[in-house]
Amino acid sequence: MIGYIAMKNTYTTGVMCCLLATLSWGATFPIMTSALTRCDPYTFTTLRYGFAGLALVVALGLREGRQGLSLKGQRVGLAWLLGSAGFVGFGFLVFSGQQMAGKDGALTASIMMATMPMLGILVNGIVRRIAPPALSVGLVMLSFFGVITVITKGQYGSLLNSPSSYVANALMIMGALCWVIYTLGAGLFPHWSPLKYTAMTTGLGMTSILTLNAALYLSGKVSVPAPADFVFIIPHVFYTAVIAGFIGILCWNMGNKILTPMNGVLFMDVVPLTAFSISAMTGVTPTAAEITGAGMTGAALILNNLYLRYRGAKTAMLARPMQEERLPSRCD
């Protein structure tokens, strides 16, 4: 009984961590709508993860000491690659796509985040060389059809008529894929705490962010924002660095450590719900087609999760009699 209560409390903690993270991220996209009018996504990403990464490294040092900060004998290259995928890939691609999408970018970007559970199934299948169940593949298709409905607002022919819009959408989906890879990558560091994985990957990922941002400045592709623009985005940077960055990403990795990434990533469906609610309060009301598409994506995610849970429980029940048969008989 005590073990059950402890397990239940741990599961609840995982749920709360993932929920807190995705709620904070849902608010990020409407906030970025304003920030991206005064600052490019590359500079903003540098500021956001720079401050968040610094706070995370300090927290790691206080929590785990020198041993926590040590990377001796660790897979530094892999941690750098995952940090680059998570923070360069996600930050640069998603927010570039949102900026290209214009005033509707926040809603579109948030829906793209809801594709992560399905992307997780595909990535997990490729990495482990295990084909996903046929029903899961069908639900993947339903999920993407829901996304296309949101993108086109039900006018599916517009995909062929608006190349700039589907370039923006493609960038956001690639950014979502990068975050899925980052999330699943935590399993490759089982001996690291969630705080260490978050701090180290953020810090190492920042080397890539700074290098690419410097290259963009030096090549003239991006201009350094004016001082007035930096002042304007201070509250935006504070929220995305402290709330959605330091707290949100740490909670995300803690929750996924408890629930496993394949279950934790399901909570990304909360992101569009939060973004839709905040956008509606600011006057950007989702259309009927966008709501329908979001509903299809959400339904696909929920149905797939229920199916995988049923499938897992059925497999466990079938395996139990075989385990009992293998147990040695006890003589009186």
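The backbone N, Cα and C atoms fix where each Cβ goes, glycine too.
For 13-151 (among others), the entry in TrEMBL reads domain 'EamA'.
Under the heading transmembrane segment, TrEMBL lists 42-63 (among others). Using a Cβ-Cβ cut-off under 8 Å and counting only residues 6 or more beyond its ends in the same chain, the transmembrane segment (42-63) has close neighbours at 32, 35-36, 69, 87-88, 91-92, 95-96, 195-196, 198-200, 202-203, 205-206, 209-210, 212-213, 216, 222, 224-225, 233, 236-237, 240-242, 245-246, 249-250.
Nonlocal intrachain contacts for the transmembrane segment (75-95), taken as residues 6+ away from its ends with a CB within less than 8 angstroms of a stretch CB, comprise 32, 36, 41-42, 44-45, 48-49, 109, 112, 171-172, 174-179, 181-183, 185, 188-189, 197, 200-209, 212. Residues annotated as transmembrane segment in TrEMBL: 75-95 (among others).
For the transmembrane segment (107-127), the list of distant contacts is 25-26, 29, 94-95, 97-98, 101, 136, 139-140, 143-144, 146-147, 150-151, 168-169, 172-173, 175-177, 179-181, 183-184, 261-262, 265-266, 268-269, 271-272, 274-276, 279, 284, 286, 290, 293-294, 297-298, 300-301, 304-305: same-chain residues at least six beyond its ends, Cβ to Cβ under 8 Å. Sequence annotations record features per position, and here TrEMBL assigns transmembrane segment to 107-127 (among others).
According to TrEMBL, the transmembrane segment annotation covers 134-154 (among others).
The transmembrane segment annotation in TrEMBL covers 166-185 (among others). Same-chain residues lying 6 or more positions outside the transmembrane segment (166-185) and placing a CB less than 8 Å from one of its CB atoms are 78, 82-83, 85-98, 100-101, 105, 108-109, 112-113, 115-116, 119-120, 123-124, 127, 147, 151, 159, 201, 252, 256, 261, 264-265.
What TrEMBL records for 170-305 (among others) is domain 'EamA'. With helix defined as DSSP H, G or I and strand as E or B, the domain 'EamA' (170-305) counts 116 helix, 0 strand, 20 coil.
Outside the transmembrane segment (197-218), and at least 6 residues removed from its termini, the chain residues within Cβ reach (under 8 Å) are 42-43, 45-46, 49-50, 52-53, 56-57, 59-60, 71, 76, 79-80, 82-84, 86-88, 91-92, 182, 185-186, 189, 224, 249-250, 253. Per TrEMBL, transmembrane segment is recorded for 197-218 (among others).
For the transmembrane segment (230-252), the list of distant contacts is 17-18, 20-22, 24-25, 27-28, 31-32, 34-35, 38-39, 44, 47-52, 55-56, 59, 183, 194-195, 198, 202, 264: same-chain residues at least six beyond its ends, Cβ to Cβ under 8 Å. According to TrEMBL, the transmembrane segment annotation covers 230-252 (among others).
According to TrEMBL, the transmembrane segment annotation covers 264-285 (among others).
Taken from TrEMBL, the feature transmembrane segment applies to 291-308 (among others).
Within its own chain, the transmembrane segment (264-285) has Cβ neighbours under 8 Å at 14-15, 18-19, 21-23, 25-27, 29-30, 103-104, 106-107, 109-111, 113-114, 116-117, 120, 180, 183, 252, 255-256, 258, 291, 294, 297-298, 301-302, 305, counting only residues six or more beyond its boundaries. Sequence-distant contacts of the transmembrane segment (291-308) (same chain, six or more residues past either end, CB-CB distance under 8 Å): 111, 114-115, 117-118, 121, 133, 135-136, 139-140, 142-143, 145-151, 154, 262-263, 266, 269, 272-273, 276.
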